[in-house]
Structure formats: C-alpha cells, structure tokens
Amino acid sequence: GVPICGETCTLGTCYTAGCSCSWPVCTRN
C-alpha cells in the first residue's frame with residue numbers, strides 16, 4: 001500500500017519484486 005516502488009504500471013504490470021499494481025503506480029504493502 002505504500003507507493004515507494006518508484007515504478008508506474010499504466011500497462012498493468014510491475015517489474016519490481018514485491019510490488020503490485022495500484023493503477024497507475026506500483027505499491028508495496
């Protein structure tokens with residue numbers, strides 16, 4: 001839930017390990 005992945009996922013995919021897509025950004029916990 002914390003947007004600290006430094007990655008966006010406008011295409012719906014996160015490449016950073018442990019991160020999930022909370023469009024349009026990747027979040028962790």
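Using the three backbone atoms N, Cα and C, a Cβ is placed for every residue, glycine included.
Going by Swiss-Prot, these are the annotated features:
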type: DISULFID; residues: Cys5-Cys19; note: disulfide bond
type: DISULFID; residues: Cys9-Cys21; note: disulfide bond
type: DISULFID; residues: Cys14-Cys26; note: disulfide bond
Return the residues near Cys21 (disulfide bond) by Cβ distance under 8 Å, restricted to its own chain and a separation of at least 6 in sequence. Cys9, Gly12, Thr13, Cys14, Thr27
Give me the Cα-Cα distance between Cys5 (disulfide bond) and Cys26 (disulfide bond), rounded to a whole Å. 6
When you measure from the Cβ of Cys19 (disulfide bond), which residues in the chain that are at least 6 apart have a Cβ under 8 Å away? Cys5, Glu7, Cys26, Thr27, Arg28
Where does Cys26 (disulfide bond) sit by DSSP, helix, strand or coil? strand
CB neighbours of Cys26 (disulfide bond) within 10 A? 21
